[in-house]
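Asker: OK, TrEMBL features for this one:
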type	residues	note
REGION	39-66	region 'Disordered'
REPEAT	212-253	repeat 'WD'
DOMAIN	218-292	domain 'IP5PC-F beta-propeller'
REPEAT	254-284	repeat 'WD'
REPEAT	344-373	repeat 'WD'
Amino acid sequence: MPKQMNKNATFPYNKNPLLRRQKLSVLLHSSEPNIFITTQENSFDNRPSNASSLSPDMSTNSSPSNHFMSPLNQMSSPYTKSPWTFPYNNDNDTNVGLIGSLVREEGHIYSLASSGDLLYTGSDSKNIRVWKNLVEYSGFKSSSGLVKAIVCSGDRVFTGHQDGKIRVWKYSNNKKKHYKRVGTLPTTKDYIKSSMNPNNYIEVRRRRNVPWVKHYDAVACMSLDEENGLLYSGSWDRSMKVWRLSDFKCLESVHAHEDAINSVVVGFDGLVFTGSADGTVKVWRRELVGKTTKHIFIYTLLDQESAVTSVVVNNEGTVYAGTSDGLVSFWEREKQTLSDVGVLRGHKLAVLCLATAGKLLLSGSADKSICVWRSEGGAVHTCLSVLNGHTGPVKCLAVQERLDVDDEDGSDPDWVVYSGSLDNSVNLWRVSEQPELYSSSETSV
């Protein structure tokens with residue numbers, strides 16, 4: 001058992017020799033439901049219906065306030081037309097915690113994305129559902145491949161799939177609320193053109209060569225660089241690909257890791273971060289090499305036995321990496337480099353997803369919980385709360401800033417959090433950067 005730490009202690013990264021790496025087959029499918037669920041934890045049907053199922057600090061002050069966020073600011077009541085269920089019914093706009101829950105019979109929730117007042121949900125049913133004001137607004141279905149990742153750019157939605165393809169959708173009809181598929185990455189033209197040149201083939205398995213422009217395994221993650229008009233994709237085929245948004249052309253393919261890539265994120269100063277099941281977080285920079293622009297490997301930020309499942313970067317330049325040993329490692333930006341700062345210990349099982357919101361970091365885990373961390377500066381993070389409400393591993397998170405808050409007093413902002421789980425549900429939470437809104441049981445690390 002680890003020793004008790006002081007309240008304001010930090011935890012420098014320390015490789016644990018007892019944490020042995022999992023088998024390759026397990027790491028390649030580390031996002032699948034059967035990896036982290038034990039026999040006793042596999043009953044997703046008995047969902048909590050009252051406050052006793054939540055953690056003590058969340059059970060007494062949760063609210064489905066109609067003034068909570070833009071999806072709830074609507075003319076009609078969300079309780080009559082919405083498939084969402086609301087465990088509490090009061091109008092206290094200052095409460096934090098669970099607001100609502102949506103359960104669908106379409107399988108595990110693998111991906112979430114928010115854009116404006118719309119929420120996109122992806123599952124292993126191959127359907128992408130679109131929600132507005134907590135009512136199903138639209139939806140579209142891919143021909144094959146469950147939805148592993150979703151990102152939005154303007155009026156376009158990019159979805160990454162199990163079959164190795166990235167599909168592009170666009171809202172096309174206001175009356176029918178219809179989304180139309182406007183492209184697939186790689187495009188048919190680029191794929192055929194690349195296939196005709198033997199020099200464009202790379203070996204992906206023994207005696208199997210494929211054109212470098214296509215992922216040959218699941219697209220697990222994507223990240224947008226809106227400023228430069230680029231889309232990055234990471235795959236279980238161990239490659240990171242760079243796509244031009246204007247014409248969907250694949251500009252570059254990088255063999256980035258020795259195992260599946262679980263996370264890719266565009267950072268600051270032209271840096272891109274990738275996290276893999278091989279236990280590493282790598283840093284890349286887009287640079288001009290001769291007459292072409294390429295991504296150059298800079299250095300390895302983390303190298304350990306446990307798989308890296310998620311990487312995020314906040315507005316201050318702090319990089320967080322969640323791993324399968326239940327830890328979140330983080331580094332702070334210092335001039336032209338990143339300093340190894342510490343580790344957050346808040347979960348009993350693997351961290352599966354991360355999201356940032358202002359000073360907050362949210363970590364979702366296979367232990368079914370979400371930890372809400374607040375950065376206090378000086379490498380100190382306070383665990384404001386542990387959100388409990390799912391009956392299965394928390395697989396994905398999406399965050400929106402609460403737009404209806406009067407912040408003239410200069411108080412810290414509040415946020416809307418959506419969490420998707422392998423229990424087939426999406427939960428809606430309200431969280432705040434204001435510590436006084438939580439119980440007094442928070443801890444600092």
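Cβ atoms here come from the backbone N, Cα and C positions, even for glycine.
So where do these features actually land, and what's packed around them?
Answerer: Each residue in the repeat 'WD' (212-253) gets a DSSP state, and the totals come to 0 helix, 23 strand, 19 coil.
Away from its own ends, the repeat 'WD' (254-284) comes close to residues 21, 24, 27-28, 30-31, 217, 220-225, 230, 232-242, 295-313, 317, 319, 321, 323, 329, 333, 336, 338 of its chain (Cβ-Cβ under 8 Å, at least six residues beyond either end).
Confidence across the repeat 'WD' (344-373), taken as the mean pLDDT and rounded to a whole number, stands at 96.
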Asker: Please report, as numbers and ranges, the same-chain residues at least 6 past the borders of the repeat 'WD' (344-373) whose CB is under 8 Å from any CB of it.
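Answerer: Here the qualifying positions are 2, 11, 30-31, 35-37, 41, 55, 307, 309-315, 320-330, 381-388, 390-399, 401, 412-413, 415, 417, 419, 421, 423, 429, 431, 433, 445.
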Asker: Mind checking how the repeat 'WD' (254-284) divides into helix, strand and coil residues in DSSP?
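Answerer: Result for the repeat 'WD' (254-284), in helix, strand, coil order: 0 helix, 19 strand, 12 coil.
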